[in-house]
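Enquirer: Encoded as structure tokens, here's the structure I'll be asking about.
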Amino acid sequence: MMIDAHCHLSLSAFDVDLEEVKARARCAGIMHMIDAGTTADRFKRQCTLAADASISICHGLHPWFLDVHRIDTDAGHNDLDCLERMLGSGQAVAVGECGLDRRMGRLDEQWSLLNAQLRLAKTHDLPVVLHCVGMNDELSKRLREMDLPRRGLIHAFSGSWQQARRLLDLGYLLGVGGAMTHPGAHRLHRVVAALPDDGFVLETDSPDMQPAGITGRNEPSHIVQTCRKAAELRHVSADTLSRYTADNTTRLFRL
Ligand SMILES: [Zn+2]
């Protein structure tokens, strides 16, 4: 039994055939999925998804969508206020996806959006689900300063072992996904082989981050490849690995 600790079933890519996607996930042995937020206009869709007991949700404002988020507008609407209201309703198991992506530029705006969400995680006593590309050192420093009570998940971790170690020492879990199944991902293979059993979770980031050999849309059932590859790198059975990573996810999000 596996848990997909990070996916985006609430995106429009799954609007048409969500029931089939969920059925394939069940057949693949996935007992639970965590849907991460991206933009405020999908928060309601996420709440609809959460009516299914096999789906939990996180609400957040993703750094890729700076042009979509309505922040500091004169129109009297602020997506951060909307996020705070959604978190207040108690349905979300975490704040996120939020974070930093060096490739996207506009880092000042990204930091300000992230800092606001880290404060919300603290106020609402929730873990945080973080996207971090090329900013692991800066993010670690900020997380140390924030000392969030429930810590969180660095989803799709892609840094070095030293960066992994620092985040683990701060009490954060790392998300291991499809990127690790690609034959050339040598640094990531070494990191995954060395992680402690209680330091990581499995995820797909569907519809993105296809595992090796999958073209087109990614979906939760594809987590099987990631589980097999991680088990091979760590010299354990896929059953054992899926059990302890599911325990890690359950503990983090209090499922
Ligand atoms: Zn994501």
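Glycine residues also receive a Cβ, built from the backbone N, Cα and C atoms like all the rest.
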Enquirer: Please identify which of D205, D239, D247 is recorded by TrEMBL as part of the divalent metal cation 1 site containing H6, H8, E97.
Expert: D205
Enquirer: Starting from each candidate's C-beta and looking 10 angstroms out, tell me which of the binding-site residues H6, H8, H131, H155 has the most other C-beta atoms.
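Expert: The residue with the densest Cβ neighbourhood is H6.
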Enquirer: Taking H155 (divalent metal cation 2 binding site) as the reference, which of H8, E97, D205 (the binding-site residues) have a CA within 10 A of its CA?
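Expert: So the list reads E97, D205.
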Enquirer: Of E97, D205, which of the binding-site residues has the most Cβ neighbours inside 10 Å?
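Expert: Compared across E97, D205, the most Cβ atoms within 10 Å surround E97.
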Enquirer: Measuring Cα to Cα, how far is D205 (divalent metal cation 1 binding site) from H131 (divalent metal cation 2 binding site) in Å?
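Expert: Distance (Cα to Cα, whole Å): 11 Å.
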